[in-house]
């Protein structure tokens, strides 16, 4: 059996980019290392008193879990000390983070340290999501928020890590999507899903139907449609939703389906974060042959105006996303 580690695979991907300096390779390797640190604590969370709430709220106004803070700290410290990133942004921090030695970095990192952390106390899969951009300017010492507020189409790499029954890291550099499973016996991520291609249509839909009363008429009609009996179109679809975006997305990426987080009367602009969740997953989804929009516009074309900007999200198999969009737009 030919065992390919994530570090080796990242190095091999460099040949597709003749102009590559190797710096991005080091960045992705740093992210993989940080994921190992977070994974170590996630699997021990119930034993070392890092479950439950920390007693604070983040910039989103949400109660912060202890493990959120731990994961955030580990990622910042593990990645920010090497001088490869000039600026960073985290879902858990109000503003940008300027790491030590940033004057040598040429990239910006945006990340959600622990997506789905509300599930950690009940042992449901959680994950880390990340996104990498090249700096807009030539002077890393002057890196600013503008280097973070780039359209998703400017990403040079994106990925996520799922901490579940196994630990899986998925990433893209714009040349396909590849997945790696962590082998704890050797401490390495090994290639397990090469060149992931998501089905054009699926059989699952993922949405929080507990918010049905807050949905607009388009979303309600879509839900009625998706549940109707029609063998010709593969309906009804089955519901799969556990409230952990990265886990729901990963399942649909592999099996086919659509994840929908529409606007509601409570969150008229959507709830998910454009920079930390929607953009990186949209980049991955499109690279795997899928589609990602806010119901009307391509996610990767949205010009961000704030670090913690929110957005609706329709993401997954291309045909399924198009159908959901048509209901959102009132075409159906």
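Just so it is clear, glycine is given a Cβ too, placed from its N, Cα and C backbone atoms.
Residues annotated as Mg(2+) 1 binding site in Swiss-Prot: 91, 112, 114. Under the three-state DSSP scheme, residue 112 (Mg(2+) 1 binding site) falls in the strand class. Counting only same-chain residues six or more apart in sequence, the Cβ atoms lying under 8 angstroms from the Cβ of residue 112 (Mg(2+) 1 binding site) belong to 90, 91, 128, 129, 130, 273, 276, 277.
Annotation source Swiss-Prot lists Mg(2+) 2 binding site at 112, 115, 277, citing sequence analysis. Counting only residues at least six positions away in the same chain, the Cβ atoms of 126, 127, 128, 129, 160, 244, 245, 246, 277 sit under 8 Å from the Cβ of residue 115 (Mg(2+) 2 binding site).
Residues or ranges marked as substrate binding site in Swiss-Prot (evidence: sequence analysis): 115, 116, 117, 118, 208, 241, 271.
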Pairwise CA distance, residue 241 (substrate binding site) versus residue 114 (Mg(2+) 1 binding site), rounded so that it is a whole Å: 18
Cβ-centroid neighbours of Mg(2+) 2 site 112, 115, 277, 8 Å, sequence order: 91, 111, 116, 127, 128, 129, 160, 245, 246, 272, 273, 276
Residue 208 (substrate binding site) in three-state DSSP notation: coil
For residue 241 (substrate binding site), the three-state class that DSSP assigns: coil
Around the Cβ of residue 116 (substrate binding site), the count of other Cβ atoms that are within 10 Å: 21
